[in-house]
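Take a look at the structure below.
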Amino acid sequence: MFPMRHYLQFTDFTREEYDYLFKRAAILKAKLAAGELYQPLIGKVLAMIFEKSSTRTRVSFEAGMAQFGGHAMFLQSKDTQLGRGEPIEDVAKVISRMTNIVMVRTFEQSIVERFADNSLVPVINGLTNEYHPCQILADIFTYIEKNGSIEGKTVAWIGDSNNISRTWLQAAKIFNFKLKQACPRGYEMTVLDGQKYDVEHFETFYDPYQAARDADIVTTDVCTSMGFERETLQRRKDFLHYRVSEKVMLQAKANAMFMHCLPAHRGEEVDPEVIDGPQSVVWDEAENRMHTQKAVIEYLLLGKVEE
Ligand code: CP
Ligand code: NVA
């Protein structure tokens, strides 16, 4: 048996592992498209713990598990004893005795880490305040699928220093591309993983046009993430000039892709002409959540599958 692994942040896998996972995701996607039944996880159970709302994460994990012949169990903290104060350590010990793999969407990263420390089975981060590894996994797969290697490319992030942009930054170092962020003063990136990011991989701008110049990907996200709702009004004012418009897209390369993890607020962080326009790949990103997460689940439970 291989050692148990968790996927709690993007740095938990190496570049070689990502190359394998992307190859595997493409194979799993092709099998599904061909109508081929591939059910390596019959009798296996994925527990999904949600302390925040979700559409894509729930559907992609649940559909993926069903396709694998397994079962996914949807647990909202408000309906479980977790919502009534049961310690996360106890919840982890109990749930991991009855299931084979767990996905957790929660607030602080420390919660998912404490869960993993007490779990008998692999744990996947389905979004925390700090990171969203499954999202960037799908986004990079989407870029590669459409355009080849992301190495040496430029990703312009117009917006908040949040779970998504922090995960892009971790990925920049692993895949050797550059993240150029444009954000209002006071919203600059705070690096949490103790790593140093040099100018080859990361640069901050206050002007969205400058950040978007010659970019291969332009991407953004809501200015107020889940859990930060009390800051909504202030953030709406502060991010007023950080919307991805057609003018911002014109600064990027002619073949640049627009990405957004969704859900989006048209007219706030992105204009409808951009998200619903020809450069947008947001629906592929959403679908690819399922194919790439299937590759991760398979890898964590069965190791490398050679076919
Ligand atoms: N992108 C994403 O994680 O979407 P949900 O919040 O709908 O899961
Ligand atoms: N940054 C957003 C992403 C939602 C998928 C949030 O955390 O709410």
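Even glycines carry a Cβ here, placed using N, Cα and C.
Among the features that TrEMBL reports, domain 'Aspartate/ornithine carbamoyltransferase carbamoyl-P binding' is placed at 5-145.
Annotation source TrEMBL lists carbamoyl phosphate binding site at SER54, THR55, ARG56, THR57, GLN81, ARG105, HIS132, PRO133, CYS134, GLN135, CYS261, LEU262, ARG289. Look at CYS134 (carbamoyl phosphate binding site): DSSP puts it in a helix. Taking the Cβ of CYS134 (carbamoyl phosphate binding site) as centre and 10 Å as the limit, one finds 26 other Cβ atoms among all the protein chains shown.
For 151-299, the entry in TrEMBL reads domain 'Aspartate/ornithine carbamoyltransferase Asp/Orn-binding'.
Under the heading L-ornithine binding site, TrEMBL lists ASN163, ASP221, SER225, MET226. Summarising the environment of SER225 (L-ornithine binding site), the number of other Cβ atoms within 10 Å of its Cβ, over all protein chains shown, is 18. According to its DSSP assignment, SER225 (L-ornithine binding site) is coil.
Note: the domain 'Aspartate/ornithine carbamoyltransferase carbamoyl-P binding' (5-145) comprises 74 helix, 21 strand, 46 coil (DSSP; helix = H, G, I, strand = E, B). Taking the C-alpha positions, the distance from ASP221 (L-ornithine binding site) to SER54 (carbamoyl phosphate binding site) comes to 15 Å. ASN163, SER225, MET226 are the binding-site residues among CYS134, ASN163, SER225, MET226, ARG289 whose C-beta comes within less than 6 Å of an atom of ligand 2, given in sequence order. Only ASN163, of the binding-site residues ASN163, SER225, MET226, have a C-alpha within 10 angstroms of the C-alpha of HIS132 (carbamoyl phosphate binding site). Of the recorded residues, MET226 (L-ornithine binding site) and SER54 (carbamoyl phosphate binding site) place their C-alpha atoms 10 Å from one another. CYS261 (carbamoyl phosphate binding site) is 11 Å away from ASN163 (L-ornithine binding site) when you measure Cα to Cα. Each of the binding-site residues MET226, CYS261 was scored by other CB atoms within 10 A of its CB, and the lowest score goes to MET226.
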